[in-house]
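The structure appears right after this line, and notes come after that.
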Amino acid sequence: MERIPSAQPPPTCLPKAPGLEHGDLSGMDFAHMYQVYKSRRGIKRSEDSKETYKLPHRLIEKKRRDRINECIAQLKDLLPEHLKLTTLGHLEKAVVLELTLKHVKALTNLIDQQQQKIIALQSGLQAGDLSGRNLEAGQEMFCSGFQTCAREVLQYLAKHENTRDLKSSQLVTHLHRVVSELLQGGASRKPLDSAPKAVDLKEKPSFLAKGSEGPGKNCVPVIQRTFAPSGGEQSGSDTDTDSGYGGELEKGDLRSEQPYFKSDHGRRFAVGERVSTIKQESEEPPTKKSRMQLSEEEGHFAGSDLMGSPFLGPHPHQPPFCLPFYLIPPSATAYLPMLEKCWYPTSVPVLYPGLNTSAAALSSFMNPDKIPTPLLLPQRLPSPLAHSSLDSSALLQALKQIPPLNLETKD
């Protein structure tokens, strides 16, 4: 029968195998085995972790940059045009951010101001906050009220100008009524404004009718004239007489306290008589007719101002009347009587250069101390009635002896 060694106890003769003690295991070095195994797994794990970290980081950075660029583009679109025009060329990101910041600050200041105004309006205006504005507004209101009151007073006085028993209480009542109408809205204000205007329009046509009547009557002598007046007429009478604004006729009428059209009617009659007498003396009217002297009838209407003034004196608007040499040639002796009667009271004192034989004859007709120049009439002539009737035969003889005029004669 075979022996099973596992079932049998160990033989006692065999020596016991020495066991491994803890002290012996502690002295053994297993570092090389452990180090090789750990390094392989650590390297593999670190490489995988780095790859997995780099991929999300790049995506995150890209997304962040895309968001920044998108926001800057939107800000660029939202910026006002006047801010965009401040820079030239392409707007960079930094420029867009600066302009956005500037615009936001301006909007913030504006919102703050509006907020302050709203708070001030809600809480009521404090005393002294807007003192300057209140003062200006008060002055404007006072000026407008004063002008309105003055206009109403003037219109009321113009409306009741002919009323003698006008009282101040009536004016005050009228002003109170106007104030009440203004407070109600001024709907009934328009009839009050139109009433004084109607009164003024009624008064103006009457005044214009009087004014048109005056100039029309004063201009009657001018219309009836059949020949053009000369400069002597303007120097002899006031030019305002024909224009209807007064003159010597009106001065004389004010003294006598009579209507001017009465004296003007007499003047028309006198002028008509004078024109008819002139036409009877000469068949054809002279080319130039001037009132260089006044008859007794004309002097009655002209007044003392004209007679006191120098006869044919210098007029501020008219040069003195001159007679050139060539107007009266020696062969024109037939017209001398007409000249004597029409425009010169006495014999015609015409001097020619080189006049020897007629000097004595002419000196007898003229005053030695008032000898006129060859071209200018005397400044002061005596009245035609003061002179005796002088015969012009001597003057005619002297003029016949005058040789023909020389073209080189000097003035």
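Every residue, even glycine, has its Cβ placed from backbone N, Cα and C.
For the annotation phosphoserine, the record in Swiss-Prot points to Ser383 among the listed residues Ser309, Ser383.
Your range for region 'Disordered', going by Swiss-Prot and the list 1-20, 161-180, 181-200, is 1-20.
Across the domain 'Orange' (142-175), DSSP classifies residues as 26 helix, 0 strand, 8 coil.
As a whole-number mean, the pLDDT of the domain 'bHLH' (52-107) in this prediction is 89.
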